[in-house]
Amino acid sequence: APKVALGSIAFAVFWMMAVFPSVPFLPIGRTAGSLLSAVLMVIFHVISPDDAYASIDLPILGLLFATMVVGSYLRNAGMFKHLGRLLAWKSQGGRDLMCRVCVVTALASALFTNDTCCVVLTEFVLELAAERNLPAKPFLLALASSANIGSAATPIGNPQNLVIAFNSKITFPKFLMGILPAMLVGMAVNMVMLLCMYWRELGGGAELSVDGKQMEAVEEGRSPASAKSTPQLNGNGNTMMSLEMSENITTKHPWFMQCTEARRKLFLKSFAYVVTVGMVVAYMVGLNMSWTAITTALALVVVDFRDAEPCLDTVSYSLLVFFSGMFITVSGFNKTGLPGAIWDFMAPYSKVNSVGGISVLSVIILLLSNLASNVPTVLLMGDEVAKAAALISPAAVTTSWLLLAWVSTVAGNLSLLGSAANLIVCEQARRAPRNAYDLTFWQHIVFGVPSTLIVTAVGIPL
(Lines of atoms letter the chains of each structure in order from A and count residues from 1; the text may use other names and numbers.)
(Lines give C-alpha, C1' and ligand atoms only; values in the text may rest on other atoms or scores of the structure.)
Protein backbone atom coordinates (compact mmCIF):
# COMPACT_ATOMS: atom_id res chain seq x y z
CA ALA A 1 0.00 0.00 0.00
CA PRO A 2 2.73 2.59 0.79
CA LYS A 3 4.45 1.85 -2.52
CA VAL A 4 1.19 2.32 -4.43
CA ALA A 5 0.40 5.57 -2.60
CA LEU A 6 3.88 7.08 -2.94
CA GLY A 7 4.21 5.99 -6.58
CA SER A 8 0.86 7.57 -7.35
CA ILE A 9 1.98 10.82 -5.69
CA ALA A 10 5.16 10.93 -7.78
CA PHE A 11 3.16 10.22 -10.93
CA ALA A 12 0.68 12.95 -9.99
CA VAL A 13 3.60 15.39 -9.70
CA PHE A 14 4.64 14.47 -13.23
CA TRP A 15 1.12 15.05 -14.53
CA MET A 16 0.77 18.35 -12.66
CA MET A 17 4.06 19.73 -13.99
CA ALA A 18 3.32 18.53 -17.51
CA VAL A 19 -0.15 20.13 -17.50
CA PHE A 20 0.85 23.28 -15.55
CA PRO A 21 4.58 23.84 -16.31
CA SER A 22 4.45 27.34 -14.77
CA VAL A 23 2.31 26.61 -11.71
CA PRO A 24 2.80 29.57 -9.28
CA PHE A 25 4.13 27.59 -6.30
CA LEU A 26 6.59 25.57 -8.45
CA PRO A 27 7.28 27.30 -11.79
CA ILE A 28 10.11 25.03 -12.86
CA GLY A 29 8.77 23.84 -16.25
CA ARG A 30 8.10 20.43 -17.78
CA THR A 31 11.72 19.25 -18.03
CA ALA A 32 12.59 19.92 -14.39
CA GLY A 33 9.17 18.58 -13.35
CA SER A 34 9.88 15.34 -15.19
CA LEU A 35 13.20 14.97 -13.37
CA LEU A 36 11.54 15.81 -10.04
CA SER A 37 8.96 13.05 -10.43
CA ALA A 38 11.69 10.59 -11.47
CA VAL A 39 13.75 11.44 -8.38
CA LEU A 40 10.67 11.06 -6.17
CA MET A 41 10.12 7.55 -7.57
CA VAL A 42 13.65 6.64 -6.43
CA ILE A 43 13.45 8.46 -3.07
CA PHE A 44 10.12 6.78 -2.28
CA HIS A 45 11.70 3.38 -3.10
CA VAL A 46 9.09 2.73 -5.76
CA ILE A 47 11.91 1.94 -8.16
CA SER A 48 15.56 1.21 -7.43
CA PRO A 49 18.31 3.46 -8.85
CA ASP A 50 19.57 0.67 -11.09
CA ASP A 51 16.07 -0.05 -12.40
CA ALA A 52 15.54 3.67 -12.94
CA TYR A 53 18.58 3.91 -15.19
CA ALA A 54 17.60 0.71 -16.96
CA SER A 55 14.11 2.04 -17.66
CA ILE A 56 15.45 4.91 -19.79
CA ASP A 57 14.76 3.89 -23.38
CA LEU A 58 18.10 4.67 -25.02
CA PRO A 59 17.00 3.56 -28.51
CA ILE A 60 14.19 6.14 -28.52
CA LEU A 61 16.53 8.86 -27.20
CA GLY A 62 19.09 7.93 -29.83
CA LEU A 63 16.43 8.06 -32.53
CA LEU A 64 15.27 11.51 -31.41
CA PHE A 65 18.83 12.84 -31.17
CA ALA A 66 19.82 11.59 -34.61
CA THR A 67 16.55 12.78 -36.14
CA MET A 68 17.19 16.33 -34.95
CA VAL A 69 20.66 16.27 -36.52
CA VAL A 70 19.36 14.85 -39.81
CA GLY A 71 16.57 17.44 -39.79
CA SER A 72 19.12 20.24 -39.56
CA TYR A 73 20.95 18.98 -42.64
CA LEU A 74 17.69 18.54 -44.54
CA ARG A 75 16.78 22.12 -43.65
CA ASN A 76 20.10 23.31 -45.08
CA ALA A 77 19.53 21.15 -48.14
CA GLY A 78 16.38 23.15 -48.88
CA MET A 79 13.88 20.41 -48.13
CA PHE A 80 11.55 22.80 -46.32
CA LYS A 81 11.73 25.26 -49.19
CA HIS A 82 10.58 22.57 -51.62
CA LEU A 83 7.98 21.31 -49.17
CA GLY A 84 6.69 24.85 -48.70
CA ARG A 85 6.30 25.28 -52.44
CA LEU A 86 4.44 21.96 -52.62
CA LEU A 87 2.07 22.91 -49.81
CA ALA A 88 1.51 26.43 -51.15
CA TRP A 89 1.10 25.39 -54.82
CA LYS A 90 -2.25 26.83 -55.94
CA SER A 91 -3.30 27.07 -52.30
CA GLN A 92 -6.81 28.38 -51.78
CA GLY A 93 -6.23 29.77 -48.32
CA GLY A 94 -5.84 28.64 -44.74
CA ARG A 95 -8.36 25.80 -44.84
CA ASP A 96 -6.82 24.28 -47.94
CA LEU A 97 -3.34 24.69 -46.46
CA MET A 98 -4.31 22.91 -43.25
CA CYS A 99 -5.74 19.99 -45.23
CA ARG A 100 -2.45 19.69 -47.08
CA VAL A 101 -0.52 19.73 -43.81
CA CYS A 102 -2.73 16.89 -42.51
CA VAL A 103 -2.23 14.72 -45.60
CA VAL A 104 1.51 15.31 -45.95
CA THR A 105 2.14 14.73 -42.24
CA ALA A 106 0.08 11.53 -42.07
CA LEU A 107 1.73 9.97 -45.12
CA ALA A 108 5.23 11.02 -44.06
CA SER A 109 4.73 9.68 -40.52
CA ALA A 110 3.96 6.22 -41.86
CA LEU A 111 7.46 6.14 -43.38
CA PHE A 112 9.58 8.43 -41.20
CA THR A 113 7.89 7.75 -37.80
CA ASN A 114 5.65 10.28 -36.07
CA ASP A 115 8.37 11.57 -33.74
CA THR A 116 10.69 12.24 -36.67
CA CYS A 117 8.07 14.20 -38.58
CA CYS A 118 7.15 16.28 -35.55
CA VAL A 119 10.81 17.11 -34.85
CA VAL A 120 11.40 18.16 -38.44
CA LEU A 121 8.12 19.90 -39.26
CA THR A 122 7.07 21.82 -36.13
CA GLU A 123 9.09 24.98 -36.74
CA PHE A 124 8.30 24.84 -40.44
CA VAL A 125 4.55 24.69 -39.79
CA LEU A 126 4.85 27.67 -37.42
CA GLU A 127 6.57 29.69 -40.13
CA LEU A 128 4.07 28.57 -42.74
CA ALA A 129 1.17 29.82 -40.62
CA ALA A 130 2.89 33.05 -39.57
CA GLU A 131 3.75 34.18 -43.08
CA ARG A 132 0.07 33.89 -44.03
CA ASN A 133 -1.16 35.63 -40.86
CA LEU A 134 -2.93 32.44 -39.73
CA PRO A 135 -3.22 31.19 -36.12
CA ALA A 136 -0.64 28.61 -35.10
CA LYS A 137 -2.87 26.45 -32.88
CA PRO A 138 -4.92 24.69 -35.61
CA PHE A 139 -1.77 23.85 -37.56
CA LEU A 140 0.05 22.48 -34.52
CA LEU A 141 -2.97 20.33 -33.66
CA ALA A 142 -3.16 19.17 -37.28
CA LEU A 143 0.54 18.25 -37.22
CA ALA A 144 0.45 16.31 -33.95
CA SER A 145 -2.85 14.50 -34.53
CA SER A 146 -2.13 13.62 -38.18
CA ALA A 147 1.34 12.36 -37.27
CA ASN A 148 -0.14 9.98 -34.70
CA ILE A 149 -2.91 8.74 -37.00
CA GLY A 150 -0.59 8.31 -39.99
CA SER A 151 2.02 6.43 -37.96
CA ALA A 152 -0.50 3.69 -37.16
CA ALA A 153 -0.35 2.33 -40.71
CA THR A 154 3.11 0.74 -40.64
CA PRO A 155 5.32 -1.18 -38.19
CA ILE A 156 7.93 1.59 -38.46
CA GLY A 157 5.47 4.42 -37.83
CA ASN A 158 6.02 4.51 -34.07
CA PRO A 159 7.78 2.54 -31.30
CA GLN A 160 4.71 0.62 -30.10
CA ASN A 161 3.97 -0.63 -33.62
CA LEU A 162 7.55 -1.83 -33.85
CA VAL A 163 7.06 -3.82 -30.61
CA ILE A 164 3.78 -5.25 -31.92
CA ALA A 165 5.27 -6.25 -35.29
CA PHE A 166 8.21 -7.95 -33.55
CA ASN A 167 6.09 -9.87 -31.02
CA SER A 168 3.27 -10.79 -33.40
CA LYS A 169 5.46 -11.73 -36.41
CA ILE A 170 3.02 -9.87 -38.70
CA THR A 171 4.72 -9.00 -41.98
CA PHE A 172 5.07 -5.41 -43.19
CA PRO A 173 2.58 -5.80 -46.11
CA LYS A 174 0.00 -7.56 -43.93
CA PHE A 175 0.34 -4.93 -41.23
CA LEU A 176 0.01 -2.13 -43.79
CA MET A 177 -3.05 -3.58 -45.52
CA GLY A 178 -4.67 -4.33 -42.17
CA ILE A 179 -4.55 -0.74 -40.85
CA LEU A 180 -4.22 1.43 -43.99
CA PRO A 181 -8.01 1.74 -44.61
CA ALA A 182 -8.59 2.82 -41.00
CA MET A 183 -5.67 5.27 -41.23
CA LEU A 184 -6.95 6.93 -44.42
CA VAL A 185 -10.51 7.29 -43.12
CA GLY A 186 -9.27 8.41 -39.70
CA MET A 187 -7.05 11.05 -41.31
CA ALA A 188 -10.04 12.38 -43.29
CA VAL A 189 -12.32 12.44 -40.23
CA ASN A 190 -9.66 14.22 -38.16
CA MET A 191 -9.22 16.77 -40.95
CA VAL A 192 -12.96 17.46 -41.15
CA MET A 193 -13.13 17.95 -37.37
CA LEU A 194 -10.27 20.45 -37.50
CA LEU A 195 -12.03 22.37 -40.26
CA CYS A 196 -15.31 22.41 -38.36
CA MET A 197 -13.70 23.56 -35.13
CA TYR A 198 -11.45 26.25 -36.63
CA TRP A 199 -13.36 27.24 -39.78
CA ARG A 200 -13.47 30.96 -38.99
CA GLU A 201 -9.88 31.21 -37.75
CA LEU A 202 -8.63 29.60 -40.97
CA GLY A 203 -10.35 32.08 -43.25
CA GLY A 204 -7.95 33.99 -45.50
CA GLY A 205 -4.27 33.17 -45.73
CA ALA A 206 -4.16 33.09 -49.51
CA GLU A 207 -1.68 35.98 -49.75
CA LEU A 208 1.83 35.83 -48.32
CA SER A 209 2.78 38.40 -45.71
CA VAL A 210 6.48 38.23 -46.55
CA ASP A 211 8.39 38.35 -49.77
CA GLY A 212 10.09 35.42 -51.44
CA LYS A 213 13.60 36.20 -50.18
CA GLN A 214 12.34 36.46 -46.64
CA MET A 215 10.55 33.12 -46.95
CA GLU A 216 13.68 31.48 -48.31
CA ALA A 217 15.66 32.78 -45.35
CA VAL A 218 13.04 31.42 -42.97
CA GLU A 219 13.05 27.99 -44.59
CA GLU A 220 16.84 27.79 -44.35
CA GLY A 221 16.71 28.47 -40.61
CA ARG A 222 17.87 32.11 -40.67
CA SER A 223 16.23 35.19 -39.29
CA PRO A 224 14.73 37.23 -42.14
CA ALA A 225 16.28 40.37 -40.71
CA SER A 226 19.73 38.81 -40.64
CA ALA A 227 19.65 36.87 -43.86
CA LYS A 228 22.74 38.70 -45.05
CA SER A 229 24.44 39.19 -41.70
CA THR A 230 25.99 36.98 -39.07
CA PRO A 231 24.76 33.45 -38.39
CA GLN A 232 22.16 33.06 -35.68
CA LEU A 233 22.42 30.33 -33.06
CA ASN A 234 20.53 30.24 -29.80
CA GLY A 235 20.82 28.42 -26.50
CA ASN A 236 17.83 26.14 -26.87
CA GLY A 237 19.21 24.70 -30.08
CA ASN A 238 16.37 25.11 -32.53
CA THR A 239 18.10 26.81 -35.46
CA MET A 240 20.84 25.57 -37.75
CA MET A 241 23.60 27.73 -39.15
CA SER A 242 23.28 27.68 -42.93
CA LEU A 243 26.01 25.96 -44.89
CA GLU A 244 27.11 29.05 -46.76
CA MET A 245 27.30 31.19 -43.59
CA SER A 246 29.58 28.93 -41.56
CA GLU A 247 32.66 29.19 -43.76
CA ASN A 248 34.64 31.34 -41.32
CA ILE A 249 34.53 28.87 -38.39
CA THR A 250 35.08 25.57 -40.16
CA THR A 251 38.02 23.56 -41.32
CA LYS A 252 37.46 22.53 -44.92
CA HIS A 253 38.92 19.51 -46.62
CA PRO A 254 41.38 20.37 -49.45
CA TRP A 255 39.22 18.46 -51.94
CA PHE A 256 36.36 20.83 -51.27
CA MET A 257 38.70 23.81 -51.53
CA GLN A 258 39.30 22.86 -55.17
CA CYS A 259 35.59 22.61 -55.98
CA THR A 260 33.40 25.51 -56.89
CA GLU A 261 30.96 26.64 -54.23
CA ALA A 262 27.96 25.73 -56.36
CA ARG A 263 29.21 22.18 -57.02
CA ARG A 264 30.03 21.68 -53.37
CA LYS A 265 26.57 22.78 -52.23
CA LEU A 266 24.93 20.61 -54.87
CA PHE A 267 26.92 17.60 -53.71
CA LEU A 268 26.03 18.14 -50.03
CA LYS A 269 22.35 18.66 -50.79
CA SER A 270 22.21 15.57 -53.02
CA PHE A 271 24.01 13.49 -50.41
CA ALA A 272 21.57 14.62 -47.70
CA TYR A 273 18.59 13.47 -49.79
CA VAL A 274 20.22 10.19 -50.80
CA VAL A 275 21.17 9.09 -47.28
CA THR A 276 17.75 10.11 -45.95
CA VAL A 277 16.06 7.91 -48.54
CA GLY A 278 18.47 5.15 -47.57
CA MET A 279 17.47 5.60 -43.93
CA VAL A 280 13.80 5.09 -44.82
CA VAL A 281 14.63 1.98 -46.87
CA ALA A 282 16.62 0.62 -43.92
CA TYR A 283 13.59 1.16 -41.68
CA MET A 284 11.40 -0.79 -44.11
CA VAL A 285 13.72 -3.79 -44.29
CA GLY A 286 13.76 -4.03 -40.51
CA LEU A 287 17.16 -2.64 -39.50
CA ASN A 288 17.51 -1.12 -36.04
CA MET A 289 15.81 2.29 -36.24
CA SER A 290 17.94 4.04 -33.65
CA TRP A 291 21.32 2.98 -35.03
CA THR A 292 20.15 3.56 -38.58
CA ALA A 293 19.28 7.16 -37.74
CA ILE A 294 22.54 7.68 -35.82
CA THR A 295 24.54 6.26 -38.74
CA THR A 296 22.73 8.57 -41.15
CA ALA A 297 23.43 11.60 -38.95
CA LEU A 298 27.12 10.76 -38.64
CA ALA A 299 27.41 10.16 -42.39
CA LEU A 300 26.11 13.69 -42.96
CA VAL A 301 28.49 15.12 -40.36
CA VAL A 302 31.54 13.35 -41.81
CA VAL A 303 30.82 14.15 -45.45
CA ASP A 304 30.17 17.80 -44.56
CA PHE A 305 33.85 18.11 -43.51
CA ARG A 306 33.02 20.80 -40.96
CA ASP A 307 33.18 21.36 -37.25
CA ALA A 308 30.04 19.54 -36.06
CA GLU A 309 29.49 21.72 -32.99
CA PRO A 310 27.07 24.18 -34.70
CA CYS A 311 25.03 21.21 -35.91
CA LEU A 312 24.98 19.53 -32.51
CA ASP A 313 23.85 22.82 -30.96
CA THR A 314 20.57 22.42 -32.84
CA VAL A 315 19.63 19.37 -30.75
CA SER A 316 16.98 20.07 -28.09
CA TYR A 317 18.76 18.43 -25.18
CA SER A 318 16.10 19.57 -22.72
CA LEU A 319 13.60 17.46 -24.63
CA LEU A 320 15.85 14.40 -24.27
CA VAL A 321 16.15 15.06 -20.53
CA PHE A 322 12.37 15.39 -20.27
CA PHE A 323 11.90 11.99 -21.90
CA SER A 324 14.49 10.41 -19.60
CA GLY A 325 12.56 11.58 -16.56
CA MET A 326 9.29 10.46 -18.12
CA PHE A 327 10.62 6.93 -18.75
CA ILE A 328 11.66 6.58 -15.10
CA THR A 329 8.35 7.97 -13.86
CA VAL A 330 6.25 5.69 -16.06
CA SER A 331 8.33 2.65 -15.15
CA GLY A 332 7.89 3.43 -11.46
CA PHE A 333 4.15 3.86 -11.90
CA ASN A 334 3.95 0.48 -13.61
CA LYS A 335 5.78 -1.06 -10.65
CA THR A 336 3.00 0.09 -8.35
CA GLY A 337 0.83 -2.52 -10.05
CA LEU A 338 -2.06 -0.16 -10.77
CA PRO A 339 -1.98 -0.49 -14.59
CA GLY A 340 -1.75 -4.28 -14.30
CA ALA A 341 -4.60 -4.37 -11.79
CA ILE A 342 -6.81 -2.41 -14.18
CA TRP A 343 -6.15 -4.93 -16.94
CA ASP A 344 -6.63 -7.96 -14.68
CA PHE A 345 -10.00 -6.63 -13.58
CA MET A 346 -11.26 -5.86 -17.09
CA ALA A 347 -9.71 -8.77 -19.01
CA PRO A 348 -12.73 -11.13 -18.71
CA TYR A 349 -14.90 -8.50 -20.38
CA SER A 350 -12.46 -7.72 -23.20
CA LYS A 351 -12.92 -10.56 -25.68
CA VAL A 352 -12.41 -9.64 -29.34
CA ASN A 353 -15.21 -11.89 -30.58
CA SER A 354 -17.99 -9.45 -29.70
CA VAL A 355 -18.75 -5.78 -30.18
CA GLY A 356 -19.00 -5.29 -26.43
CA GLY A 357 -15.69 -6.98 -25.79
CA ILE A 358 -13.90 -4.92 -28.45
CA SER A 359 -15.43 -1.75 -27.01
CA VAL A 360 -14.27 -2.57 -23.50
CA LEU A 361 -10.80 -3.53 -24.74
CA SER A 362 -10.53 -0.26 -26.67
CA VAL A 363 -11.51 1.77 -23.62
CA ILE A 364 -8.87 -0.02 -21.52
CA ILE A 365 -6.20 0.65 -24.15
CA LEU A 366 -7.22 4.31 -24.37
CA LEU A 367 -7.09 4.68 -20.60
CA LEU A 368 -3.78 2.91 -20.02
CA SER A 369 -2.10 4.56 -23.04
CA ASN A 370 -2.75 7.96 -21.48
CA LEU A 371 -1.89 6.91 -17.92
CA ALA A 372 1.15 4.71 -18.47
CA SER A 373 2.10 5.73 -22.06
CA ASN A 374 1.43 3.63 -25.15
CA VAL A 375 4.67 1.64 -25.32
CA PRO A 376 4.38 0.31 -21.73
CA THR A 377 0.70 -0.40 -22.41
CA VAL A 378 1.59 -2.52 -25.44
CA LEU A 379 4.27 -4.35 -23.46
CA LEU A 380 1.83 -4.93 -20.61
CA MET A 381 -1.20 -6.01 -22.63
CA GLY A 382 0.16 -7.46 -25.88
CA ASP A 383 0.80 -11.04 -24.86
CA GLU A 384 -2.29 -11.21 -22.65
CA VAL A 385 -4.58 -9.94 -25.41
CA ALA A 386 -3.04 -12.37 -27.91
CA LYS A 387 -3.47 -15.33 -25.53
CA ALA A 388 -7.12 -14.49 -24.99
CA ALA A 389 -7.65 -14.16 -28.76
CA ALA A 390 -5.91 -17.49 -29.44
CA LEU A 391 -8.68 -19.25 -27.55
CA ILE A 392 -11.15 -17.89 -30.12
CA SER A 393 -9.37 -18.48 -33.46
CA PRO A 394 -5.97 -17.94 -35.17
CA ALA A 395 -7.43 -15.05 -37.18
CA ALA A 396 -8.54 -13.37 -33.97
CA VAL A 397 -4.91 -13.20 -32.84
CA THR A 398 -3.93 -11.02 -35.82
CA THR A 399 -7.05 -8.93 -35.33
CA SER A 400 -6.22 -8.37 -31.67
CA TRP A 401 -2.66 -7.24 -32.45
CA LEU A 402 -3.84 -4.81 -35.15
CA LEU A 403 -6.57 -3.52 -32.85
CA LEU A 404 -3.96 -2.90 -30.16
CA ALA A 405 -1.75 -1.07 -32.68
CA TRP A 406 -4.58 1.15 -33.94
CA VAL A 407 -6.14 2.10 -30.60
CA SER A 408 -2.87 2.61 -28.69
CA THR A 409 -1.60 4.89 -31.47
CA VAL A 410 -4.74 6.99 -31.92
CA ALA A 411 -5.04 7.16 -28.11
CA GLY A 412 -2.02 9.44 -28.25
CA ASN A 413 -4.27 12.22 -29.53
CA LEU A 414 -6.45 12.22 -26.42
CA SER A 415 -4.23 14.53 -24.36
CA LEU A 416 -0.93 16.34 -24.64
CA LEU A 417 0.72 13.57 -22.61
CA GLY A 418 -0.75 10.77 -24.73
CA SER A 419 2.22 10.41 -27.07
CA ALA A 420 5.79 11.56 -27.50
CA ALA A 421 4.83 13.25 -30.77
CA ASN A 422 2.45 15.62 -28.95
CA LEU A 423 5.12 16.59 -26.43
CA ILE A 424 7.66 17.14 -29.19
CA VAL A 425 5.30 19.49 -31.03
CA CYS A 426 4.49 21.34 -27.81
CA GLU A 427 8.10 21.80 -26.69
CA GLN A 428 9.50 22.56 -30.15
CA ALA A 429 6.79 25.18 -30.72
CA ARG A 430 7.34 26.76 -27.30
CA ARG A 431 11.10 27.02 -27.85
CA ALA A 432 10.98 28.10 -31.49
CA PRO A 433 13.28 31.10 -32.15
CA ARG A 434 10.57 32.81 -34.21
CA ASN A 435 6.78 32.68 -33.97
CA ALA A 436 6.94 30.58 -30.78
CA TYR A 437 3.60 29.31 -29.53
CA ASP A 438 2.73 27.69 -26.20
CA LEU A 439 0.24 24.90 -26.90
CA THR A 440 -1.33 24.19 -23.51
CA PHE A 441 -2.76 20.96 -22.15
CA TRP A 442 -6.30 22.35 -22.22
CA GLN A 443 -6.03 23.71 -25.76
CA HIS A 444 -5.02 20.26 -26.90
CA ILE A 445 -7.58 18.27 -24.94
CA VAL A 446 -10.53 20.34 -26.21
CA PHE A 447 -9.83 19.00 -29.68
CA GLY A 448 -8.06 15.79 -28.69
CA VAL A 449 -10.86 14.09 -26.77
CA PRO A 450 -13.60 14.23 -29.46
CA SER A 451 -11.10 13.55 -32.25
CA THR A 452 -9.68 10.48 -30.50
CA LEU A 453 -13.04 8.96 -29.64
CA ILE A 454 -14.54 9.47 -33.11
CA VAL A 455 -11.44 8.45 -35.11
CA THR A 456 -10.95 5.35 -32.94
CA ALA A 457 -14.58 4.30 -33.32
CA VAL A 458 -14.56 4.86 -37.08
CA GLY A 459 -11.33 2.94 -37.56
CA ILE A 460 -12.07 -0.15 -35.48
CA PRO A 461 -14.58 -1.74 -37.91
CA LEU A 462 -12.19 -1.08 -40.82
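Every residue gets a Cβ built from N, Cα and C, even glycine.
Per TrEMBL, the feature transmembrane segment maps to 6-26 (among others).
Marked as domain 'Citrate transporter-like' by TrEMBL: 13-411. Averaged across the domain 'Citrate transporter-like' (13-411), the predicted model reaches a pLDDT of 79.
According to TrEMBL, the transmembrane segment annotation covers 31-47 (among others).
Long-range contacts of the transmembrane segment (53-74) within the same chain: residues 47, 80, 113, 115-116, 119-120, 159, 221, 240, 272-273, 276, 279, 288-291, 293-294, 296-297, 300-301, 304, 311-312, 314-316, 319-320, 323-324, 327-328, 330-332, 375, 420, 424, each at least 6 residues beyond the stretch ends and with a Cβ under 8 Å from a Cβ of the stretch. Look at TrEMBL and you will find 53-74 (among others) tagged as transmembrane segment.
The transmembrane segment annotation in TrEMBL covers 175-200 (among others).
Under the heading transmembrane segment, TrEMBL lists 271-303 (among others). For the transmembrane segment (271-303), the list of distant contacts is 58-60, 62-63, 65-67, 69-70, 73-74, 76-77, 79, 111-113, 116, 156, 162, 172, 311: same-chain residues at least six beyond its ends, Cβ to Cβ under 8 Å.
Residues or ranges marked as transmembrane segment by TrEMBL: 315-334 (among others). Through the fold, the transmembrane segment (315-334) approaches residues 7-8, 10-11, 14, 30-31, 33-38, 41-42, 46-47, 51-52, 55-57, 60-61, 64-65, 68-69, 236-238, 340, 371-373, 376, 380, 420, 423-424, 427-428, 431 of its own chain, all at least 6 residues removed from its boundaries and within a Cβ separation under 8 Å.
For 354-373 (among others), the entry in TrEMBL reads transmembrane segment.
According to TrEMBL, the feature transmembrane segment maps to 441-460 (among others).
Counting only same-chain residues 6+ beyond the ends of the transmembrane segment (441-460), those with a CB under 8 A from a CB of the stretch are 18-20, 137, 141, 144-145, 149, 182-183, 185-186, 189-190, 193-194, 197, 358, 362, 366, 403, 406-407, 410-411, 413-418, 422, 426.
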